[in-house]
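Taken verbatim from TrEMBL:
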- ALA69, ALA70, SER71, ASP75, VAL101, GLY179, ASP184: ATP binding site (BINDING)
- 66-249: domain 'tRNA(Ile)-lysidine/2-thiocytidine synthase N-terminal' (DOMAIN)
- 293-323: domain 'Cytoplasmic tRNA 2-thiolation protein 1 C-terminal' (DOMAIN)
- 331-350: region 'Disordered' (REGION)
Amino acid sequence: MEDGNASARPRRATGRLCSICNQRKAALKRPKTLEQICRECFYSVFEDEIHSVIVDNNLFRPGERVAVAASGGKDSTVLAYVMSQLNCRHNYGLDLFLLSVDEGITGYRDDSLETVKRNEIEYGLPLKVVSYKDLYGWTMDEIVKTIGLKNNCTFCGVFRRQALDRGAALMEADKIVTGHNADDIAETVLLNILRGDIARLSRCTFITTGEDGPIPRCKPFKYSYEKEIVMYAYFKKLDYFSTECIYSPNAYRGFAREFIKDLERIRPRAILDIIKSGENFRIATSTKMPEQGTCVRCGYISSQKLCKACLLLEGLNRGLPKLGIGRTRGSNGVKKHVEHRNSNTEVSDSNLESKQCGTLNF
């Protein structure tokens, strides 16, 4: 997540020499390894580890056009800076540009986009901004007014994912890179276990996802700790936006994040161990997995006839905002899953009063 623990400051390890170069004074203790090292060696090992992840996993090919998902937060700002540096230093041959999503959150996203615009100038990377209002006809402020503060992160997460894909497709990108770090991935493993979401659990640790979809997504920070990203941004004096989203304090993920932080304090390697556990999960061959298809309305990848974004959008436009949310109760009071659309149901666009999900044809 972009804003978690953004106020953290590195502990200074004074009085000792750097354990790597043995020449300069140690300036910090690495959260991942607990080594006491100087700033220069920290910059070097941090960037070299990300370069190794990129090379070892063959994330890119020369000549590819790559969209850097930029929100203005610490993760995406460090990602844009490091990708720009490594692209020049190691001659990746990538055509990089910044891609931002304007969810329409007054006092939060409008301010963070100003940070992204400054990064555009400082890093020399072109910027493309796509908005919920243009794509879906709704802003998050309008959605929250309709549904309240509960479940709003569901709408935002689903819409944001598709908005990134649609913006990248509009700019003819070959790949998207995101700032998801090791903490984020460990949280996702834990959340998918708690939810019993086998389908997502089987792929949430992949360093590249969406290879069967419109545009693959890569996570160069997969093994980078959030605390080290904060340290890097702090020591490099990078310009990033550190305010938390005004609608996210009660998000379910926040509880998983606090649990992960508690584990890290006890045992720093816990984050990497959780990721490794997720990588080693095996799904029983008898488990029925959802079949991948495409949304009949907008053409986006979906295991149902309507993708989640189209379903949520239909609910908003029909004045039924809970249409695509979780579970509901039947007439007999027993909880049941709502089958909003299935293979035997005809889908009609006549119920929609505003635009359908997305404006691009996949």
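Even glycines carry a Cβ here, placed using N, Cα and C.
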Span of the ATP site, taken as the largest CA to CA distance across ALA69, ALA70, SER71, ASP75, VAL101, GLY179, ASP184 (Å, rounded to a whole number): 19
Overall pLDDT of the domain 'tRNA(Ile)-lysidine/2-thiocytidine synthase N-terminal' (66-249), taken as the mean: 93
Packing count at ALA69 (ATP binding site) (other Cβ atoms within 10 Å of its Cβ): 22
Secondary structure tally of the domain 'Cytoplasmic tRNA 2-thiolation protein 1 C-terminal' (293-323) (DSSP, helix then strand then coil): 10 helix, 4 strand, 17 coil
Fewest other Cβ within 10 angstroms of its own Cβ, chosen from the binding-site residues ASP75, ASP184: ASP184
Under 8 Å by Cβ from VAL101 (ATP binding site), counting only residues of that chain that are 6 or more apart: SER71, VAL129, VAL130, SER131, TYR132, ARG160, ALA163, LEU164, GLY167
Cβ contacts of ALA70 (ATP binding site) (under 8 Å, same chain, 6 or more positions away): SER76, THR77, LEU79, ALA80, LEU98, LEU99, SER100, VAL116, ASN119, LEU127
Neighbour count (Cβ, 10 Å) for SER71 (ATP binding site): 27
